[in-house]
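J.: The feature domain 'TTL' is assigned by Swiss-Prot to 40-392, with sequence analysis given as support. Taken from Swiss-Prot, the feature site 'Binds negatively charged residues of beta-tubulin C-terminal tails' covers R108, R354. Under the heading ATP binding site, Swiss-Prot lists K162, M168, G169, Q190, E191, Y192, L193, K203, F204, D205, T251, N252. Marked as L-glutamate binding site by Swiss-Prot on the basis of similarity to another entry: R229, Y253, S254, K273, K369. According to Swiss-Prot, the Mg(2+) 1 binding site annotation covers D338, E351, on the basis of similarity to another entry. If you look up Swiss-Prot, you'll see E351, N353 marked as Mg(2+) 2 binding site, on the strength of similarity to another entry. Under the heading region 'c-MTBD region', Swiss-Prot lists 390-452. Under the heading region 'Disordered', Swiss-Prot lists 517-580, 603-688. Annotated compositional bias 'Polar residues' per Swiss-Prot: 532-542, 626-657, 674-688, in sequence order. If you look up Swiss-Prot, you'll see 548-562, 604-625, 658-673 marked as compositional bias 'Low complexity'.
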Amino acid sequence: MPSLPNESDHQATCSLSLHSDLPYQPSSSIKRKVRKKKKNGAITANVVGTKYEIVRLVTEEMMFTKARDDDETANLIWNDCAVQHEKIAELRNYQRINHFPGMGEICRKDCLARNMTKMIKCQPHEYNFIPRTWIFPAEYTQFQTYIKELKKKRRQKTFIIKPANGAMGHGISLTRNGEKLQAQDHLIVQEYLEKPFLLESYKFDLRIYILVTSCDPLRIFLYNDGLVRMGTEKYHPPSESNLSQLYMHLTNYSVNKHNENFERDETENRGSKRSIKWFTEFLRANDYDISKFWNDISDLVVKTLIVAEPHVLHAYRMCRPGQHPTSESVCFEVLGFDIILDRKLKPWLLEINRAPSFGTDQKIDHDVKKGVLLNALKLLNIRASDKKKNLAKQKAEAQKRLYGQGSMKRLSPASSDWEKQRHTLERRKEELKERLAQVRKQISREEYENRHLGNYRRIYPPEDKLLLEKYEGLLATAFQTFLAGRAASLQREMNNPLKRMKEEDILDLLEQCELDDEKLSGKPTRPKEPRTLSSMPESTQTLKKLKNYSSHSSSNSTGSSSDTEEEEDEKEGKEKKVSYDLEEHKYKSLERSSRIHWKPPLKAARPFSNSSSPSSAASMRRSVSCPRSITALNTQSPTTDQRPFSSRISSTITRPLSGNRTNSLNRSSSSNRVPQSGTSGSVYPSISESRLDHLTKEQEEELTKQTLYALRDMRIRIPGKGVEEITHSHIDEIMDNWTYHKSKVASYWLIKLDSVKQRKVLDIVRTNIRSVLQRIWKVSDVECLHIYRSFNRVFNRLLWNHGQGLWSCFSNSGTSWETIFCKSTEVVTPQQFQCCQRLVQLCKDCLLAVYKYATDSRVAGMSPDWDDSRYLFPVVPQFTMKSSSSGVNCSSSRLPRSSILFNPRHNHY
C-alpha cells in the first residue's frame, strides 16, 4: 500500500558494509558532530530543510561542510518537501538540489492516474502494470457504468478508496458496493488486487529506491536493495466481514506500527520489515526466475518515469532557460516506488513518493537508507572545483556577449544566395559541434558512473540496444501525448536525428560540412590518391600516432584502473576528468580529429614488420571489424573449419565502383588494431602473427562476400500483394515515368514525412540488414562489426539535411553519399563499398515502395490520413530473399524483432 512522503515510511533491510565502525543508533539518540570552521574550497551542504538525521550523517561521511542555515550558495541543498520553481531558477550551475520540478505529475495519486490513463490509450500492452483507476468526481459516471457492466456479468469486485493527495494510510478504506459511493469528494478509486503474493500468509509490498540524476538527458538508477513491508494480520480475500481490518489489507508502516502484532527485529530476515536483498534470496531458494523479476521491476520503473519525462523536462527548461546543453543538471531526486506483487510475481505500481521517509527506527532502516543516500551522493560527482569553474565560465560568457563573440551574424533581406547557403552551413556546423560536445560529456559522465555505481545500477539508458529503441519509441509517444500543441521547440528537439547519433557519426557529418564549405568557398578539390589494397599502406602520421598510443598504453596499463589510487588523487585535489580533446592520447580520437582538421595525405610508409618491434611478435592483433570468434583459432589447419562456398560465391564481383571511387580503398581495421599482451587468454604460439592476420583477413573477406550476395538477393515487396506481384515491377514503372513521379516523390519524402517518419522508412532496411549480418557473421551485437559501422554512416548520410542525402541519390550522379569515405581514415574495401551501394539501392526501393503504397491507399480510400505525417505507418513493406535452389520466399517481420528469418541463399549458410 502506498506510504506517504515525509513520514516514517519504514522499510526493509540490506546490510551494506559501508562503515561498520558506525553502529546503528535510533535517530533520537544520534548526536550531531560539531563542524570545524569552514575551509576554502570545501564542498558545502545545506541540510536545514530535512528532519532526518541520517541525511546529516551521510553528508558528514562524504566530508561535506555544513553550511549556514541561510546559505543559499551551498553545493548541496536537501529539502524533505518539494521546492518552488523560483528556487530552482535561482540556483547556479554548480549547485544540486534533491527535487525536480514537475515530478508531482506521477507522485500525486490523481496526477499519476490521469497520466497513466492517457498512456494506456496509446500503449495498452506496455502500460498494463497499474490497477484500473478512476478520479472522482470527474470520472464518477464512467465508474458507475463499469459497475453496471459487472452486475450484468454477475461479478463483484473490491475497490480501494484513497484521498487524492493523502498519505500515511489516512482516509483509506475498502468497499464492495461501488454504486453507494458519492461523487462529491475528491477521491481516487482503484481496483483492489485480491490475489497478492504472500510471505508467511501475510500481504506485503516493496519499497524500491530510484535515483534520477538528470532529465536532460534522462538517467535513471535502481538501488539493488530496499524494504519489504508486511501486514500484521494474516491475509484473507476481501469479504464483507473483513473489509475494515486495515492491518490485513494495508502494508503501510505508518498504519501497521500501531498494531501490537508488529514485530521489530534487528535482522533482515525476520519481523514485519525485511530487506529486498533477503527477499531476492528467498525467491532464488524457491526456484523463481530472479532475472525476470528484476527486469520486470526495472521495466515498470522506466516506463513510469517516461510518463513523467515530458512534464519534468518542460518544467526544468522553463526554470533554467538558456542553460548550456553540456551543463550538469542542478536537480536530482531519490524516489520511493511502492510496488505490490500478484500471485504470479507480476509487479503492480501502487504509488510513487517524491519524499520517501528516511527515518531510522530500526537497524534495517539505517542500513538500507544510509546506502541509498551515500551511493547517490557519490554518483552526483559534486566537486569542490565546480564553483570556481562555474564562476570562470560565467565570466567568459559575459565577455563573449560584451564583445559580440560567438554569435552568428544575422542575414539581411538583401543577402545573396551564396550568403544564405554559407549561413545555413555555419548554423549546421554549430549545431553539430554543440551536439558533439554533448555526446562527449555524456561519455565522460558514463565512465564516471560506471566507476562509482556502488549498489546502484543504471536502468536508463539501458545497455540493450533493442530495449533502448523500445524506450525511445515510448518516450516519443509520451512527448506527442502530453505536449501536443505546446512546447513545439522541445518536441522538435526530441525528434532531431542528431540525438540518436554517436560520436563518429557526428564527426562524419562535420567532415561533410567542411567539404561543403570548401566547395562553397571555391577552394580546389583535394586529390584522391589511389591506394593499393594488398600492401595496406599507412601514412607516417598514422604510424607516429599508433606508436605513441602503444607506448602510452603500455606505460599506463598497470595501476591506472585502481580505485584506491583514484580516490587518493581525489583527496589530494587532483580531480580526474575524462578528456575528449581532439589531441587526446587515444588513437581513435586522434584518428577522428584528422577528419575534422583535414590535411593533405602524406606519403604512404611501409607497414609494420615483425622485426621492427621485439614485443610485437608474441602479441595477437584482432581486427575490430571481425567477430571475436574468428580470431579464436586453434592449431588445426585453417582449411578444415572453413565452410565451402558455391561457384557463385567464389566468382568475381563484376559490379564496378561508381563515380571517382577506385579499387584503392583499403581496410581501416588494420590501422585500428591495438597490440595485445602476449600472455592474454587465447594466444597460440604455433600460429605466427602474420599467419593469424592473414586468416582473419581471409575470413573477413569471405563473410563480406556472403553479405554482398545476401543483400543482392533481398527484394522489397508491399504487404498484401502476392509473391508474383513483386514490388520490383511497380518500382520499374515509377522509374520509367520518373518525369511524372519525380515531383510527387520529392513532395512526399521531403515535405510530408518529418524526420521521424523518414528514419522509420530507412529503419525497414536497417532492421533486415541487421538480421542478415547476425546470421552470416554469427554475432548477436552487430554494432561491433566494421561493415555495420560503415552502413550506419551511410544511413546517417541519407538522412542528412532532412532527407536530402537520399533524395540526391535519385539524381543522375547519385553518388553524393560516397564522399563520406573519400577522406576518412577508416578505409573501406571494394566489397564493403559495393555492399554500401546495394544498401543505398534498397533504401531507394523502400522509399518508392512506401510512396507507391501511400498513393494506392489514398486513391482507393483505404487510408485517408496516410499523408499526415502525424500518423504511424499503417503497413510496413517487407523484404524477401530468394533461395537459388528452392525459390521459396520468406518475408521478415515489420519492425525490429529478434525472430526475423530469411531463407538461406545456399545450404551451407
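Including glycine, each Cβ sits where the backbone N, Cα and C put it.
How buried are these features, and what lies next to them?
T.: Looking just at the domain 'TTL' (40-392), the mean pLDDT is 89.
According to DSSP, R108 (site 'Binds negatively charged residues of beta-tubulin C-terminal tails') is assigned to coil rather than to any helix or strand. Counting only same-chain residues six or more apart in sequence, the Cβ atoms lying under 8 angstroms from the Cβ of R108 (site 'Binds negatively charged residues of beta-tubulin C-terminal tails') belong to A164, N165.
All protein chains included, E191 (ATP binding site) registers 15 other Cβ atoms within 10 Å of its own Cβ.
Mapped onto three states, the DSSP output places S254 (L-glutamate binding site) in helix.
E351 (Mg(2+) 1 binding site) falls within a strand when secondary structure is assigned with DSSP.
For N353 (Mg(2+) 2 binding site), other Cβ atoms within 10 Å of its Cβ number 21.
Of all the Cβ atoms in the protein chains shown, 20 others lie within 10 Å of the Cβ of R354 (site 'Binds negatively charged residues of beta-tubulin C-terminal tails').
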J.: Any idea what DSSP makes of L193 (ATP binding site), helix, strand or coil?
T.: coil
J.: Measuring CA to CA, name the entry from the binding-site residues R229, S254, D338, E351 that ends up nearest E191 (ATP binding site).
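T.: Nearest candidate: E351.
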J.: Can you give me the Cα-Cα distance between D338 (Mg(2+) 1 binding site) and L193 (ATP binding site) in Å, rounded to a whole number?
T.: 14
J.: Mind checking which of D338, E351 has the fewest other CB atoms within 10 A of its CB? They're the binding-site residues.
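T.: Minimum Cβ neighbour count within 10 Å, taken over the binding-site residues D338, E351, occurs at D338.
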J.: Out of F204, Y253, which has the highest number of nearby Cβ atoms, where nearby means within 10 Å of its Cβ, if these are the binding-site residues?
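T.: By the 10 Å Cβ neighbour count, Y253 comes out on top.
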J.: At a 10 Å cut-off from the C-beta of K369 (L-glutamate binding site), count the other C-beta atoms across all protein chains.
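T.: Total other Cβ atoms inside 10 Å, all chains included: 30.
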J.: Checking the binding-site residues R229, S254, E351, N353, which are within 10 Å of F204 (ATP binding site) at the Cα level?
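T.: Taking R229, S254, E351, N353 one by one, the ones whose Cα falls within 10 Å of F204 (ATP binding site) are R229.
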J.: Determine the Cβ neighbour count for L193 (ATP binding site): the number of other Cβ atoms within 10 Å of its Cβ.
T.: 18
J.: Out of T251, S254, which has the highest number of nearby Cβ atoms, where nearby means within 10 Å of its Cβ, if these are the binding-site residues?
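T.: When each Cβ's neighbours within 10 Å are tallied, T251 leads.
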